[in-house]
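So that you can see what the record holds, here are the features copied from TrEMBL:
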type	residues	note
REGION	544-563	region 'Disordered'
TRANSMEM	36-59	transmembrane segment
TRANSMEM	105-123	transmembrane segment
TRANSMEM	129-147	transmembrane segment
TRANSMEM	168-186	transmembrane segment
TRANSMEM	220-237	transmembrane segment
TRANSMEM	244-266	transmembrane segment
TRANSMEM	272-293	transmembrane segment
TRANSMEM	371-389	transmembrane segment
TRANSMEM	428-449	transmembrane segment
TRANSMEM	461-480	transmembrane segment
TRANSMEM	492-508	transmembrane segment
TRANSMEM	520-537	transmembrane segment
Amino acid sequence: MLLDLIRAVPVALLVGLVPGYFWARCLAATDDLAERLAYAIALSVTLVPAVALIFSSILGTGVTTTVSIISVVLVFAAGLAARLLFGAAKGSSRPLAPLPPAPDIATLVPLCLALLLALGTFFGLLGGWAMIPTAALIVLSGVLYWLSMRRRGETGPEETQDEASPTLVYGLLSVALLLALARGYLGPVLNGWPFPRGVDRYEHAIMTSMMAEGGSTESFMLYPPGFHALSAMISNLSGLEPMALFPALAPALLALTSLSSYALAARLWGRTVGVAAAFLSGPVLGGAYLHFVEARYPNFVGEQIIIILAVAALIGAYATPTIRAGLLLALLGSSAVFYHQIAGYVMAVLLAVVALFFLPYLLLRHRRTGIFLLGSLALLFVLAAAFAWDTYDLPDLVAGLFGGSGTGRGGDAVAMAIGTKPANHPTYLLVTITAPVLWLGLFGAMMLLPNRAGGNAPARLAHLTLIVWAALLFVGSQTSYSGFPDRFDRDLGAPLALLAAPALVLLLRASPRLTPSRAALAASLFAALLSAGLLVVQTTRNLEQASGPSERPRDRPAPPQVAAAGSWLGENNGGGSIVATPYLDYVPSRGMLAMGGYTKMQSYDYARILRARDLPPFGEGPLLDALWVLKHPTGGKTERIMRENDIRYVVFHKRYPGISWLPYAQQKDLYRIAYQNESVVIFEPRDT
């Protein structure tokens, strides 16, 4: 474990942090070191893989070690030159928006009742039905807060917004990051190394190898190239195979979402609120953890890191309309397309709302800001189109939309997804978002919605942007017509954690100095106790769950017999391809491909093929061919498929339902048993 970390972590920093540092100094107007590091990471994972793919395409190679070194050095040198030539970005260190006024006693009473119901649900004393009265009480609290704002004449922010000392801020931020790291690494520490999590790690390992060898994953899956180019570079330079690299580095992703949330919240409301956002995200959020525990790494990077910082850049552009702020927004906003389809989808819809509703207002009332934002969005569109051009077959997609012809790979993928996956029950939000973030986030949105932030237009637009972001994800999570309702309900936690942060800070700041009466002080202290208690018990449960096995068996490490067969395949890989039963125990056929170092053939069960969702780019034909070979050891069609696909081994799980290995065992003149154990048997055609 320690050796893998020693090899992986320095290289990850070299590729994913260092090259973007001077770019962050040049483009991000901040003097906050943690915020600057967050932007440096985002810019590194945007620029370095993009440059590597350009060199790979020019040279006609994969993302090799040489390409990796050149790309890192080039991005670092260009950033350093830009920093020396243009200087550091300058901007105010003050938060863009004031905190709203603290809630009064009338607001706190229903809020305390809602938090009591949330605790009752958390401990199993109440059923899922309690979400209805809890939500109603939160909404009532918000309405009462609006009325109190009217009575007070919307006097604006509290007078006391003294920032905590940098030592305290960075100390607490370090605790939040350590909790997030503990949530990721407790499993390996307590259960033995390696302790990989997530069924999708197999496909990402395969695509990382394909990217390193050929510079493309097009023949395997329709996926943006950003993550696999990045992981190929780290794999090359560290000497770790992807299947060893992911267990070493993936748990650290939870800390990066905390750091990203801190950067946005600190820029908007100050460092104290940034620390609250860091605690509410990585250590607490369920959706981010589910992305990690299911090994959906591109989703995580795109939706839990890149989008958060892209929204932070957008908010910064509202307040500081400069060329540098616009370039930062264009780079990070377009990078969402570079990492995952859902990230690009969400970013596109959010920016469409901004362009349709916020941009006209800015052009009319704040012309300079509007012009800069328009230019930034135009550049973002160009960069996003460049990132999507080949992955989504953009020319055919556009031609099909306007000309009635086929829409290519991109259009087929969208059509395949729309309406094919049902939305989860609303109670599942308590899993993906968790109670503290869900209820405090809803309360925070209710507080910020009527708050005019002292007439501060950038702050008002920032608040609306966060609320719109959350609303779009919520709508997408509740309908199958969004195509990915299960992804949206996971990603909804990101904006809700940000909206919850100022609410949490206001509730925890109860003191006699801020409350007009003993009753108000008692209500404030009770609300602080309940909110802090809910946060603590949720974090504790999260750490307990993280220390054990994954809930779904398929997200756990492969069974020993399957892992042994995969290791044998890797040691005896002489090229060609293999075909395996769709599952070996709970390990998909892609697991055998990944462990053996192969990229084809994939095999799906027949029901999954008929469902026609998330099929590989080559369609159902090769999948049906794989099933044919598994069921028919002899015959002309089998011989043709084996010859055309250069199949070297046929792998069976001995207890796979519906596909027996015995017909192959009976053909002793055609196949020999190359390897077997209690669970797996591998046949080799004798003519190879």
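Cβ atoms are placed via backbone N, Cα and C, with glycine included.
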Taking contact to mean three or more C-beta pairs under 8 angstroms, with sequence separation of 6 or more, is the transmembrane segment (520-537) in contact with the transmembrane segment (105-123)? yes
Per DSSP, what is the residue count of the region 'Disordered' (544-563) in each of helix, strand and coil? 10 helix, 0 strand, 10 coil
Would you kindly list the residues that approach the transmembrane segment (129-147) from elsewhere in its chain, counting only those six or more residues past its ends and only Cβ-Cβ distances under 8 Å? 103-104, 106-108, 110-111, 113-114, 117-118, 120-121, 426-427, 429-430, 439, 442-443, 445-447, 449-450
Counting only residues 6+ away from its ends, which parts of the chain sit with a Cβ under 8 Å from the transmembrane segment (105-123)? 130-131, 133-135, 137-138, 140-141, 144-145, 147-148, 430, 435-436, 439, 443, 517, 519-520, 523-524, 526-527, 530-531, 533-534, 537-538
Given pairs 6 or more apart, does the transmembrane segment (220-237) have at least three Cβ pairs under 8 Å with the transmembrane segment (36-59)? yes
Intrachain neighbours beyond the transmembrane segment (461-480), with Cβ under 8 angstroms and 6 or more residues off its ends: 96-97, 268, 311, 314-315, 318-319, 346, 349-350, 353-354, 358, 362, 418-424, 426, 429, 441, 445, 448-449, 451, 453, 486, 488-489, 491-492, 495-496, 498-499
Cβ pairs under 8 Å between the transmembrane segment (492-508) and the transmembrane segment (168-186), at least three: no
So, taking each listed stretch (36-59, 244-266, 272-293) in turn and counting its Cβ pairs to the transmembrane segment (168-186) that are under 8 angstroms, which one gives the highest count? 272-293
